[in-house]
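Per TrEMBL, the features are:
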- A:34-55: transmembrane segment (TRANSMEM)
- A:102-120: transmembrane segment (TRANSMEM)
- A:127-151: transmembrane segment (TRANSMEM)
- A:157-355: domain 'ABC transmembrane type-1' (DOMAIN)
- A:163-185: transmembrane segment (TRANSMEM)
- A:206-224: transmembrane segment (TRANSMEM)
- A:236-256: transmembrane segment (TRANSMEM)
- A:281-301: transmembrane segment (TRANSMEM)
- A:336-354: transmembrane segment (TRANSMEM)
Amino acid sequence: MTDNVQSVGLPDERPPANTVGPIAWLRNNLFNTWYNAILTVLVLALLGSAIPPFVDWLFINAHGLDASSAVCRKDNSGACWGFIGEKLRFILFGTFPYEQQWRPLLTIVIFITLLVASCDRRFWKPWLGLVWIAGFLSVAVLMWGGVLGLTPVENTLWGGLPLTLILSVIGLAVAFPAAILLALGRRSNMPAVKVLCVTYIELIRGVPLISLLFMASVMLPLFLPNGVSIDKLLRAQIAFIMFAAAYMAEAIRGGLQAIPKGQYEAADGLGLSYWQKMLKIILPQALAIAIPPLVNTFISFFKDTSLVIIIGLYDLLGAGKAALSDPSWRGFYREAYLFVGVIYWIFCFSMSKYSQKLERDLNRSHRR
Amino acid sequence: MSQAAQQARHIPSGEEIIRCTGVNKWYGEFHVLKNIELSVQKGERIVVCGPSGSGKSTMIRCLNRLEEHQKGTIVVDGIELTNNLKNIELVRREVGMVFQHFNLFPHLTVLENCTLAPIWVRKKPKAEAEEMAMRYLKRVRIAEQANKYPGQLSGGQQQRVAIARSLCMNPKVMLFDEPTSALDPEMVKEVLDVMIGLAEDGMTMLCVTHEMGFAKSVADRVIFMDRGEIVEQDTPDSFFTNPKSERTRLFLSQILNH
């Protein structure tokens, strides 16, 4: 039928040559007005003057991973990657006993495996929750030790990337379901539940995270009876969970509010119970809508774990800073922060990329 | 089914399935339903019409408690609708509802839309629920779209899926809340055809609609509502040819002579 229509209609023609191809793209995007043309030239000039020296410093004049600090100090025209070579294990694992550092390494591997595996929607089954619990348990065993012939390691010695991952991944994994309950509670018909959730969210959101961490580490022990003490790391972890839950609850509430009333009515009309309606109909749609603000929260909390340095815990950034306090390596802060920054960036950028992919996938199937 | 078809122009069974007594409802100060008295018998096909804002949608939405009434009693299938959540859920299982805007679940396929409630509410095994869903999807002539998402279908197709989704719960009563009002004109017929088929099979139906042709051809009774009250109810024949109240006459003249 379509063949028929085309054979009697006008033939397709190619668009004019000056509207397609790279030249047209340049003209449309970079030189479409006189002020855009000026901006383009300026930006190119700026990049041209900034990039070559940076590349020189980063690679060409740089000293390799085996360079000593003495060599680097003599010729400081390039980066001194010897600093990373020597301090790598300290930055990654903190003060964890040197010969036992395969344990935090394995912890990192477990976390990354869990995170990567959970990205695949085919694995989104109830058993994935069990896998996560098993993952957390094995991390606890690896880090603490004391069983299976592993030497016990006090958690005051933990640090570096495993600490960052423990605080952020466990924190977000616990905070996420709590946030869902808070968001549902805030929209509940039951006044007591609603007031409780609103009060909690507004109270926590109105306080800076730093003050919450301080309270958890300094003030909380004052209120506990003599002899009872909660571990410092646990207190920081709880403070993170409380804070993240309040923020994510608001992101999820935004998603819930975007669901049309008709969806609730259709679910009610079919006789679904409250929890069936929420779990099967409302939340799958609301969470899909809330992906951008949720990932925003995830990313900012991953980075905010570096605030634990103020209560004396040495996460990735803290360990990087501590490595600089070695007298022989003092002053190589550019290398230290660049290295740590790149690690943070890899994690955050992966989260961002994955969330974009997830949004695309979910949109493709659901919406018109 | 053939037995049901024979009952097409049936004598109502005499068995009452819905009974409203003195039902009143207010939105704040606004009195939307005034002393509604309504009895529906099994197998009856009722069309509810009236000007917009007359309370007809509100009335049928009270029958499965999507809206709460404040005075009077509503008994559906022997169960009184009160604040008792269990009773409400029991009634909703037996009362299917089709909405003006379809309200299909956009994140589920057509088939999943139809099997969700049978699996989770009726606790049917998945295979059985799917088999039944395919049967009803065939009946509304849309079985070939079973694995598509609602967003990929036209309005008429979506409304037919919504009807099949309700039927999958094997309801005793079907409520239709202006099922063709949101459709493009060329799609109204395909939905009405499905509804006529249902009526011929003996389904108890309450339908809020402006499709007077549908009322004439299948309804046992037409109810006319205005300003929150039931003004008149009669067989379609006498309702359209010999309306008793002035308000009915005015309404009919407005919708029939445009």
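Backbone N, Cα and C atoms are what each Cβ position is placed from, and that goes for glycine too.
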Q: Could you tell me whether the transmembrane segment (A:163-185) and the transmembrane segment (A:281-301) are in contact, taking contact to mean 3+ Cβ pairs under 8 Å with a sequence separation of 6 or more?
A: yes
(Q) At a C-beta cut-off of under 8 Å, are there same-chain residues at least 6 beyond the transmembrane segment (A:34-55) that contact it? List them, or none. (A) none
Q: With a Cβ cut-off under 8 Å, give me the same-chain residues at least six positions beyond the ends of the transmembrane segment (A:163-185) that come close to it.
A: 94, 107-108, 111, 114-115, 132, 136, 139, 143, 193-194, 196-197, 200-201, 233, 236-237, 240-242, 244-253, 256, 278, 283, 298, 301-302, 305-306, 308, 313-317
Q | Long-range neighbours of the transmembrane segment (A:102-120), counting only residues six or more past its ends (CB under 8 A) | A | 92-94, 96, 128, 131-132, 135, 138-139, 142-143, 145, 150, 153, 158, 160-162, 165-166, 169, 354, 358
